[in-house]
Amino acid sequence: MGGSSDQHSVVTTQQRSSMTHCPGNIELQNITRVSEFHLLGLSEDPALIPILFGLFLTMYLVTMLGNLLIILAVSSDSHLHTPMYFFLSNLSLADIGFISTTVPKMIVNLLNHSRVISYGGCLTQMSVFIIFGCMDDLLLTMMAYDRFVAICHPLHYSVIMNPRLCGFLLLLSLLISLLDSQLQNLSVLNFSYFKDIEISNFFCDPSQLLNLTCPETFSSTIVKCFVFAIFGFIPISGIFFSYYKIISSILRIPSSSGKYKAFSTCGSHLAVVCVFYGTGLGVYLGSAVSHSPRTGAVASVMYTVVTPMLNPFIYSLQNKDLKNSLRRLCSRLF
């Protein structure tokens, strides 16, 4: 009996020490008893469910069609077999994966009137979401580097941006995305407790899931710093540096027509970068200003659904070569 009492006191002490960094007024959920999470719906009004279903289904199908058309246009037209369109077709592929990670599950939940996702399903959705989100981020950085070489070093463009380098950059972005995903996945798996099983978003948002974990550890802080570097500091610094050099080179062009022609080659990419980071920044600022979880969930729609849908329109409307290739492809298909 004495041994059992001592063992019980040790377990109690360990549990209390593991909860020292968590709020005392929150009832923690032991990870061994967490089998599912509850997602946040975009609306509590039953009358809006059919409208939301039709809206998101339409947006999903438009995104899939637009990005698939870009992939087919680039692969079928030999004139588009260049580094810029190589990265663009892979960006479209990443956008398809990015939106397919969240929207189909949300559509099924709207049909079933359910907001439940299993523990394993949540971790899987989070991991795949990180992979494609990070791929989007890194591919935009590589496309900025491609435009930098094309405008600042046009005579050496074909030598620098050779197929071997393009393949290496794509493989590197995939490996970094996988590493980032696994680090965040392992970070969640290493925790013993969750503060709650309610996720304040319509999908398993990595930031939301990490905020539910308890207690805060040094390893989780390191993972968050790594994620910030991969998602934020390194890509944005690379894009800013590339466009600083690009603008400096364009300003040295004497004729206004030459300046316009040079800048038009990177106008589409710059627009996509602004949409991608602008919506992400908007979600962050919106969640910081508004304390309503549903407002944050609605804002998340912008970068998880709207951004992948807009990318094909931005590139096809502003790029004459791609527009002509899409027109020829559509005439053959339809």
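The backbone N, Cα and C atoms fix where each Cβ goes, and this holds for glycine too.
Pulled from TrEMBL:
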TRANSMEM  47-72  transmembrane segment
DOMAIN    66-315  domain 'G-protein coupled receptors family 1 profile'
TRANSMEM  84-104  transmembrane segment
TRANSMEM  116-140  transmembrane segment
TRANSMEM  161-179  transmembrane segment
TRANSMEM  221-241  transmembrane segment
TRANSMEM  262-285  transmembrane segment
TRANSMEM  297-317  transmembrane segment
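Summarised as a single figure, the pLDDT of the domain 'G-protein coupled receptors family 1 profile' (66-315) averages 84. Proximity of distant same-chain residues to the transmembrane segment (161-179), defined by a Cβ-Cβ separation under 8 Å and at least 6 residues beyond the stretch ends, is recorded for 83, 86-87, 90, 130-132, 134-135, 138-139, 142, 146, 149-150, 230.
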